[in-house]
Amino acid sequence: MMRHLQEKLRVELGERAYDILIGPGLLAEAGGHIAPLLRRKRVAVLTDETVAGLHLETLKDGLASAGIEMVSLALPAGEATKSWPHFTRAVEWLLDQKVERNDVVVALGGGVIGDLAGFAASVLRRGVRFVQIPTSLLAQVDSSVGGKTGINAPQGKNLIGAFHQPSLVLADTSVLGTLKPRDFLAGYGEVVKYGMLGDAAFFDWLERMGPALAAGDMAARVAAVKRSCQMKAEIVVRDETEQGDRARLNLGHTFGHALEAATGYSDRLLHGEGVAIGCALAFELSSKLGLCAQEDPSRVRAHLKQMGMKVDLSDIAGDLPDADGLLALMGQDKKVVDGQLRFILARGIGEAFVTSDVPGSVVRDLLQEALRAR
Ligand code: GLY
């Protein structure tokens with residue numbers, strides 16, 4: 001099935017190096033790709049109830065065609081699953097299934113399942129290998145690559161976790177066809193982020209190809225997922241545990257996380273939507289600080305609008321805190337270092353950098369303006 005569209009990348013992390021395969025039809029071929037990793041032909045799959053209904057049979061058949069037996073646990077879909085109770089259930093289920101040190105756990109789902117399953121694999125018997133089979137666009141271009149795993153705490157998102165790299169990532173782009181348009185576009189927020197943070201030519205390409213990509217053009221989807229994963233892999237190889245440069249991947253996230261917290265991590269604002277609005281604000285801030293041309297934030301906003309995405313604070317339904325309230329939420333972010341907020345700013349499209357040197361008063365003015373426009 002359209003095999004000619006399949007692409008392969010390698011994340012060069014020495015002993016922990018792994019392949020990312022991208023393209024349509026990979027679920028149905030999963031057995032052939034996973035078999036070389038296995039000592040015995042059996043895997044334990046963690047998934048969610050929605051994804052299980054849509055894709056588990058295809059995966060089961062794909063594994064069976066290589067003689068691999070599968071057991072599976074479907075957790076409830078949604079962010080609330082990234083919590084201790086579901087994590088405990090997943091780990092105890094893996095132990096009940098007698099998953100051994102040399103076995104492989106498979107994460108079939110979006111970012112919630114990938115993060116939870118990866119974290120479960122990192123602690124099970126002091127660490128077993130796992131394969132990421134991301135089914136959302138966001139998971140295919142971001143969370144399935146790079147080894148950040150974890151769950152949320154009542155105190156904040158992703159505060160409990162571990163770095164644990166997968167042994168293989170299978171990004172089947174044909175499953176993107178089952179996503180709701182809103183979820184697809186939220187994932188697209190992370191795709192366009194890569195152009196904004198480090199590849200102006202990719203941003204140009206997305207301006208031209210974004211609409212076709214959203215409409216289902218498979219070659220464009222494969223190319224976008226490939227370029228995103230390539231950029232993420234390059235950054236992760238340079239800075240696996242985020243001592244510096246990896247933080248550039250958080251473009252738009254300082255504002256975005258505050259907006260997610262302000263909206264209670266609810267359906268009012270999806271993570272990728274918060275990132276897109278956050279990127280627009282980060283470019284606005286960069287322009288206010290004289291770092292980039294005034295046209296850059298306008299171009300960012302124009303593309304997001306062209307794609308039908310949320311761009312302004314007025315696109316978020318319901319009340320929001322005032323500028324000081326949003327600043328306080330930003331201060332609770334894990335990107336605070338030595339009490340200083342870290343921002344990802346840009347000298348232009350494709351030229352993002354990390355800095356703690358941003359006067360709070362400029363951020364407050366920017367937020368006040370953005371709130372006034374509501
Ligand atoms: N999602 C940001 C990172 O993986 O570093």
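All residue numbers here begin at 1 and follow the chain in the order shown.
Cβ coordinates come from backbone N, Cα and C, glycine included.
Model, not experiment: these values are computed from the prediction.
Database features, via TrEMBL:
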- 73-184: domain '3-dehydroquinate synthase N-terminal' (DOMAIN)
- Gly111, Val112, Ile113, Gly114, Asp115, Thr135, Ser136, Lys148, Lys157: NAD(+) binding site (BINDING)
- 187-336: domain '3-dehydroquinate synthase C-terminal' (DOMAIN)
- Glu190, His253, His271: Zn(2+) binding site (BINDING)
Rounded to the nearest Å - Cα separation of Ile113 (NAD(+) binding site) and His253 (Zn(2+) binding site): 21
Cα separation, Lys157 (NAD(+) binding site) to His253 (Zn(2+) binding site) (Å, whole number): 12
Least buried by Cβ count (within 10 Å) of the binding-site residues Lys157, His253, His271: Lys157
Ser136 (NAD(+) binding site), number of other Cβ atoms within 10 Å: 26
Local backbone state of Ser136 (NAD(+) binding site), from DSSP in three classes: coil
When distances run from the Cα of Glu190 (Zn(2+) binding site) to each of the binding-site residues Asp115, Ser136, Lys157, the nearest one: Ser136
Alpha-carbon distance [His271 (Zn(2+) binding site); Asp115 (NAD(+) binding site)] in Å: 14
Recorded NAD(+) site residues Gly111, Val112, Ile113, Gly114, Asp115, Thr135, Ser136, Lys148, Lys157, farthest C-alpha pair in Å: 21
Whole-number Å value for how far His271 (Zn(2+) binding site) lies from Gly111 (NAD(+) binding site) (Cα to Cα): 10
Other CB atoms within 10 A, centred on Ile113 (NAD(+) binding site): 30
Where Lys157 (NAD(+) binding site) falls in three-state DSSP terms: strand
Surrounding CB atoms that lie within 10 Å of the CB of Gly111 (NAD(+) binding site), all protein chains: 24
